[in-house]
Amino acid sequence: MARSLCFMAFAVLAMMLFVAYEVQAKSTCKAESNTFPGLCITKPPCRKACLSEKFTDGKCSKILRRCICYKPCVFDGKMIQTGAENLAEEAETLAAALLEEEMMDN
C-alpha cells in the first residue's frame, strides 16, 4: 500500500512538472521571407531561404502561397515586423494570417 501511495505521489508530481514546463514554453514568431521569390509551392526552398535569413524553419502558407519563416520568440507574444510598407498592406497580411491560423486550428 505504501508503494502505491509513493507511486501516485511521484506520478502527480511528474505531471505537475510536465504541465509547468509546457506553460512556460516559448512561443514561435513568424515573418514572411524577404528573400524567397514568387509563389511558395514546396517546403524545402522556403526552408532554405528562411535558414539564410537566420530563422529556424520555413513553411509555405496554405492560402496565399507565401514563404513564412519561423523562430522562437525573444519577447513572448510579440510578432516580428514583416517590413510592410503601409498600413493597408499590414492589415491585409494580418487578416490573411488570422484566417490561415483559424483554418489550421479546425
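Every residue, even glycine, has its Cβ placed from backbone N, Cα and C.
Values in this document were obtained by computation on a predicted structure and should not be read as measured data.
For the recorded site, CYS29 (disulfide bond), the DSSP three-state label reads strand. Look at Swiss-Prot and you will find CYS29-CYS73 (among others) tagged as disulfide bond, backed by similarity to another entry.
Around CYS40 (disulfide bond), the same-chain residues six or more apart in sequence whose CB sits under 8 Å from its CB are CYS46, CYS60, SER61, ARG65, ARG66, CYS67, listed in sequence order. According to Swiss-Prot, the feature disulfide bond maps to CYS40-CYS60 (among others), an assignment based on similarity to another entry.
For CYS46 (disulfide bond), the Cβ neighbour count at a 10 Å cut-off comes to 23, with all displayed protein chains included. Feature annotation from Swiss-Prot assigns disulfide bond to CYS46-CYS67 (among others); the stated evidence is similarity to another entry.
Packing around CYS69 (disulfide bond) is summarised by its Cβ count: 26 other Cβ atoms lie within 10 angstroms of its Cβ, all protein chains included. Look at CYS69 (disulfide bond): DSSP puts it in a strand. Annotation source Swiss-Prot lists disulfide bond at CYS50-CYS69 (among others).
For 1-25, the entry in Swiss-Prot reads signal peptide.
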Distance [Cα-Cα, Å, rounded] between CYS69 (disulfide bond) and CYS29 (disulfide bond): 8
Other CB atoms, at most 10 A from the CB of CYS50 (disulfide bond): 26
